[in-house]
Amino acid sequence: MAQTPDDISCELRGEITRFLWPKEAELLLKTWLPQEGAEQSHILALLRWRAYLLHTCLPLRVDCTFSYLEVQAMALQETPPRVTFELESLPELVLEFPCVAALEQLAQHVAAAIKKVFPRSTLGKLFRKPTPSSLLARLERSHPLESTIPSSPCGGFLETYEALCDYNGFPFREEIQWDVDTIYHRQGCRHFCLGDFSHFGSRDLALSVAALSYNLWFRRLSCEDMKLSLEVSEQILHMTSQSSYLEELVLEACGLRGDFVRRLAQALAGHFNSGLRELSLSGNLLDDRGMRALGRALATNATFDSTLTHLDLSGNPGALGPSQDSGGLYTFLSRPNVLAYLNLAGTDATLGTLFTALAGGCCSSLTHLEASRNIFSRMKSQAAPAALQRFLGGTRMLRHLGLAGCKLPPEALRALLEGLALNTQIHDLHLDLSACELRSVGAQVIQDLVCDAGALSSLDLSDNGFGSDMVTLVLAIGRSRSLKHVALGRNFNVRCKETLDDVLHRIAQLMQDDDCPLQSLSVAESRLKQGASILIRALGTNPKLTALDISGNAIGDAGAKMLAKALRVNTRLRSVIWDRNNTSALGLLDVAQALEQNHSLKSMPLPLNDVTQAHRSRPELTTRAVHQIQACLWRNNQVDSTSDLKPCLQPLGLISDHSEQEVNELCQSVQEHMELLGCGAGPQGEVAVHQAEDAIQNANFSLSILPILYEAGRSPSHHWQLQQKLESLLGQVGEICRQDIQDFTQTTLDTTRSLCPQMLQTPGWRKQLEGVLVGSGGLPELLPEHLLQDAFSRLRDMRLSITGTLAESIVAQALAGLHAARDRLVERLTQQAPVTMAPAVPPLGGNELSPLETGGLEELFFPTEKEEEREKVLLRKRNGTPSWQLRGKMQSRRLGRLHAVAEKHWAAGPRDTPASAVYQRVDVCVGWVPPALLQEGNGLTARVDEGVEEFFSKRLIQQDHFWAPEEDPATEGGATPVPRTLRKKLGTLFAFKKPRSTRGPRPDLETSPGAAARARKSTLGDLLRPPARPGRGEEPGGAEGGTSSPDPARRNRPRYTRESKAYSMILLPAEEEAAVGTRPDKRRPLERGDTELAPSFEQRVQVMLQRIGVSRASGGAESKRKQSKDGEIKKAGSDGDIMDSSTETPPISIKSRTHSVSADPSCRPGPGGQGPESATWKTLGQQLNAELRGRGWGQQDGPGPPSPCPSPSPRRTSPAPDILSLPEDPCLGPRNEERPLRLQRSPVLKRRPKLEAPPSPSLGSGLGSKPLPPYPTEPSSPERSPPSPATDQRGGGPNP
């Protein structure tokens, strides 16, 4: 919700949001009515398409509401800030505002909403006086231009439709939205078809049509075979009178009557900016008065003389009756216009009057004239034939002339053919003279003049009752050198069978004539029966016939079998139509099997009548035949389909969708930056805004030009001339190939005859050879056609490639301009942003860390990403190391940097630094180890050797309740959390595994805590464990200790806590041992065996010395012992349950796995080396010597452990496992930001419930925190202080 300068309480905003739900208010303004004053204020809630005036008192109620489409005008006033609305529903609405800024926000919001619905509207029409010119100028500068707004799909159709639904109170139909977004926009379709939404009500259709009135995307509105209601008709009339982008209006068979046409005529007569190019009103009930009004409107408005190219008024009987002969539509047709398509079939028009009007009007531009089922003349006169001859003499581009069913008299037919003979400028004309009742007289006229009519290429003479005159008529047609397509159906009503056979033989001879240009023949609906076999047999040797229509001749199964034989050898036919021939399933199967060997037939419309009849008797066989026919036709058309679709669809998919999306997103981004920059950005800012607007305008123009380029790439220029030249050239190539094949065949036969004379005398082999030769004879016929297809495919690919390259370059330039504009806007925004100074660094106190050390912690420990990348490249180049080993080496280098930086900071530290500061500096150097926390309840410090025994043991951590120490609330509040990056990088150092000996089926010992222990193989953890002390018995509850769960179901598998770690790694001094006292042994029964091996004293001493910070001299023996120890660790960790995901991490020394010794101040060194530290060293040395003599150690291989340095120094501590973040298990959910440690479970374990808890206690001290205050040292037994089940010392969480 947008913020306003007015103060509106959050409670009131929430109430308004709930009141308007599910609608959302985009702007809330505080206002009041002038007569009531500011004391009784209101809230003006501006939604997307509607405004609500609400009372501020609760409960809310609406004072008034209005749609933005109701706003007829607005008047703005600055002093006082006031707006006056002129609405349809209200006489006048005056509102006052507290400031001018709120008034400008209101004006901008309403103007932007109206602009989306009416894209061509301007601010000057909306804002009227007394609006100040300065305010209007500011609104124009802040209001985005029409070209700079990234348009929604299909020119904002959905926004307009939504606004109209809100205006009329109708529901918004999501199906219309889906169709517009998915079909129309994605496919670039600008044709809005009302038939797609015919299942909606009339009001929904009316709203969708009303949304087209001001839409700039759709160019065509069509409705076919659907009756239109009155509401839809009204909106169509409104759209016709308003839209200047509507180019095609098709209303066919919609039940329209004369009153609709009269009102349509009024709308067209007054719309001088109309872009209508096509008007189709066929199949309606239009009367002569409506047609007269339409003709006058077209003649009155001079715009249609240069725009209207397509007019279809067919199927309206009586619309052009006798009353129209003197005017009406003929007035418009007699004017010079650009009509190219005119269809007046079935309108009772007089052809004589029509040709007279056309001769003085559009005869030069007319290409298609359909005047079928009309009257040639209402009286016998010579004027009509003369008008026809004049029209044919003046036409230049006519390609179709339909006069079917017009009952032409002989003189009219003679005038027609003579006019075509005299006009040498037209060619490839299709003349339809079917059902004209020409009979013998017309046949004689055709025989005399058809040879001279060179413009004719297609002639339809069906159903003219020629009868026996067909003999001479066929001979006359054969003499024509221009006729390529002839239709002679329904003319074979000859009683004499010999005459019929003579006609059919002449037609067959015409088909087989090499000099005859005939390519298509139709004898449909002639009932030839067995006579059709004469024509079918002629198909075996026809040289040029490519299309044959023998439907409706009742040829039966015998004729189908003959057709199948002809198709096996014919390679010229491309189309065969043979429906309504009484063919059964066997006949269909014969044709299907023949098509398996025919690779040239492209089209065979499914014979639906015969298939329906055959399916009733033998459905399985019929289905099989139909599928086989369709598969063969698909195979024959596969090459053409891929060559046609691939170059057309590929550019559209790769360029249009992606580029449009990218441009729209970038335009939106630039628009947002422009709004952020605002108007008061100074002169440089205004220049940047203007440049951004120009860039958006250019980008939108580049998207609008893409469809034009694609259409230009698809439509080849000079296609007809190029095709003619290629056909003539490829015809010569075909002749040469045919001659070559014939010569090759003859040579092959001669050679075979000379080599195998006896084999040629075998009848079967000779017949087989002839079949092979006949099959190969069609190859020369297919070669020119394939070459022609390949030539056009390659030309189309080249055109589309050029178009795509040009389109990509245009879009690239537009995108570059948008990027540059956005960069300039961002630069201006950064210059306007206030400069904030960093706070001064405070002086450091005695116990404070340096800001450099605390703030640059990651830079201190870890290299930058660029340095790591360079090191990776160098390592890979030197050793060819795989990536999994390379990551291990990089981890080792990181640890090396850690120790190097730690040594550097340790050597550079002053000796007189207080202990707390020294500890903080060491923490920074080695990764920030917080002071060890005291255990809960008993006040004892955690042992340093805590956790090693189960680190190498075979058991897994499974319990849900973990034991954790309590923190002091004061300390917890001042703690600083570990940086997240540090915890991430330190989290992959360890891998927890179980020994190989623990694999296999689990015994019942795991589920029964009281079971007897069994012997097991000793591990390195056993070797490092301190020797058992006499007198310390094992308690039954020691296995679980403080970590036992009250739920028995959760004890199916034992789990260790960190308390057991505290007694395994480092030996404590005698004083601390005494303070600790006797403790219950935390080892489980399965881990305490009688056969435990004695731990290595050297290892224990080495570990202890490393924990207290004493460095050791380097030597060969030390290196060997270290390698041996690392090998033991690797061996112990090779097989385990809990594995780390980063297996390439190198093994880390045990030093990194331990806690700090103690947080007690008594254990810390004081200044000057005085304090409890000296006693600790003395006691520890006595204990080591006594234990060494008691065990009887001999001479060692290398130098023994070095004596501790006499100078007191703080013990070096390593990061505690609490802060070492392990790789998180994806099964455990997201990592807790305050608890970095998370053990990864074995994949064999079942999924445990996710544990969530407050931050781990180990994170209680940050880098800059002070040492914890001393806790009481009085021990308390675990029985008196039970552990809290809500926390886990290892980073667990509460029990869910």
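Note that Cβ sites are derived from N, Cα and C of the backbone, with glycine treated the same way.
Note on the repeat 'LRR 1' (63-87): residues 34, 42, 49-55, 93-100, 102-103, 106-107, 110, 113-114, 117, 126-132, 135-136, 163-164, 166-167 of its chain, located 6 or more positions outside it, place their CB under 8 angstroms from a CB of the stretch. According to Swiss-Prot, the repeat 'LRR 1' annotation covers 63-87.
Look at the repeat 'LRR 4' (273-296): DSSP puts its residues at 9 helix, 4 strand, 11 coil. For 273-296, the entry in Swiss-Prot reads repeat 'LRR 4'.
If you take every residue in the repeat 'LRR 5' (305-328) and average the pLDDT, you get 86. Per Swiss-Prot, the feature repeat 'LRR 5' maps to 305-328.
What Swiss-Prot lists as repeat 'LRR 11' is 515-538.
Per Swiss-Prot, the feature phosphoserine maps to SER1008 (among others); the stated evidence is a large-scale study or a structure entry.
Annotation comment: Swiss-Prot describes 1079-1091 (among others) as compositional bias 'Basic and acidic residues'.
Annotated compositional bias 'Basic and acidic residues' per Swiss-Prot: 1118-1134 (among others), in sequence order.
Look at Swiss-Prot and you will find SER1134 (among others) tagged as phosphoserine, backed by a large-scale study or a structure entry.
Taken from Swiss-Prot, the feature phosphothreonine covers THR1145, and the record attributes it to a large-scale study or a structure entry.
For ARG1191, the entry in Swiss-Prot reads omega-N-methylarginine.
If you look up Swiss-Prot, you'll see 1199-1209 (among others) marked as compositional bias 'Pro residues'.
Feature annotation from Swiss-Prot assigns phosphoserine to SER1203 (among others); the stated evidence is a large-scale study or a structure entry.
Look at Swiss-Prot and you will find 1267-1285 (among others) tagged as compositional bias 'Pro residues'.
Taken from Swiss-Prot, the feature phosphoserine covers SER1281 (among others), and the record attributes it to a large-scale study or a structure entry.
Within the chain carrying the repeat 'LRR 4' (273-296), a Cβ under 8 angstroms from the stretch's Cβ atoms is held by residues 220, 240, 243-262, 264-266, 303-304, 307-316, 318-321, 323-324, 327-332, 343, 347, all 6 or more beyond its ends. Helix, strand and coil residue tallies for the repeat 'LRR 1' (63-87), in that order: 3 helix, 18 strand, 4 coil [DSSP].
Across the repeat 'LRR 5' (305-328), DSSP assigns 6 helix, 3 strand, 15 coil. In terms of DSSP secondary structure, the repeat 'LRR 11' (515-538) contains 10 helix, 3 strand, 11 coil.
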